[in-house]
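Notes follow the structure.
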Amino acid sequence: MTKLAIIPCTVILETLFFRKKFSRSIQMSLSVLLLGVGVATVTDLQLNAVGSILSLLAIITTCIAQIMTNTIQKKFKVSSTQLLYQSCPYQSLTLFLIGPFLDGFLTNQNVFAFNYTSQVVFFIVLSCLISVSVNFSTFLVIGKTSPVTYQVLGHLKTCLVLAFGYVLLHDPFSWRNILGILIAVVGMVLYSYFCTVETQQKNVEVSPQQVKESEAGPLIADSMSKVENGGGGVDDEPLKVPMWSSKYSRE
């Protein structure tokens, strides 16, 4: 349920604070996607105060982090590696200071009192390496696309996990899971199609403006050069050939 709520929260935040518009087609496709993932994954739902508060904090922080990741990369024109290099030390320090206390509060166990064998340390290091790879791919996908598209890919991963679990591990699978995955795939296809159509429309609209700007550029430059040289615009004869041309003459 927490993962399903990230997409609506991201859409609301981008609409309110960044004035980003999501068309009805995009909204409809996202609704179909969330419906399918909900049908396939949500079974028993139990709520409590601590879990609800942590889930709400997880949703808000995840949405803000992904939106800022996309915004910073595009605003400052930095790569995913550069942003990850700059942000990881602060994230690591924050987790190191808050993590043990939060873990002790939730589990009533001290993480430093655990018996760290060589096998445990090996899997911790392996988990860290995998986490770095996940963070790199997250920053890369969000920077090239958008936070909403990244969440759509995350739901695709969920559907693939369910399918591979049934095929390879023979996990219990019902018609409800199959129906949910099919609905989710339809939502993903619709989202991809509408995003592609809107991107092509924007490119078509931008191209004529770029042509007009390129045509207007030399005229503006000529006007500015005449003003800087003290030209009056009324007494001066209009330039019919370039300044660097040998045919240019002025009486």
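Yeah, the Cβs are placed from backbone N, Cα and C, and that goes for glycine too.
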Legend entry - Residues flagged as transmembrane segment in TrEMBL, choosing from 3-22, 83-102: 83-102
Inset, instruction - Tally Cβ pairs under 8 Å between the transmembrane segment (175-194) and each listed stretch (26-43, 49-71, 83-102, 122-143), then give the stretch with the top tally. - result: 26-43
Inset, instruction - Using a Cβ cut-off of under 8 Å, list the residues of the same chain at least 6 residues beyond the transmembrane segment (122-143) that approach it. - result: 66, 69-70, 73-74, 79-81, 83-84, 88, 116, 149-150, 153
Inset, instruction - Across the whole of the domain 'Sugar phosphate transporter' (10-192), what does the mean pLDDT come to? Round it, please. - result: 89
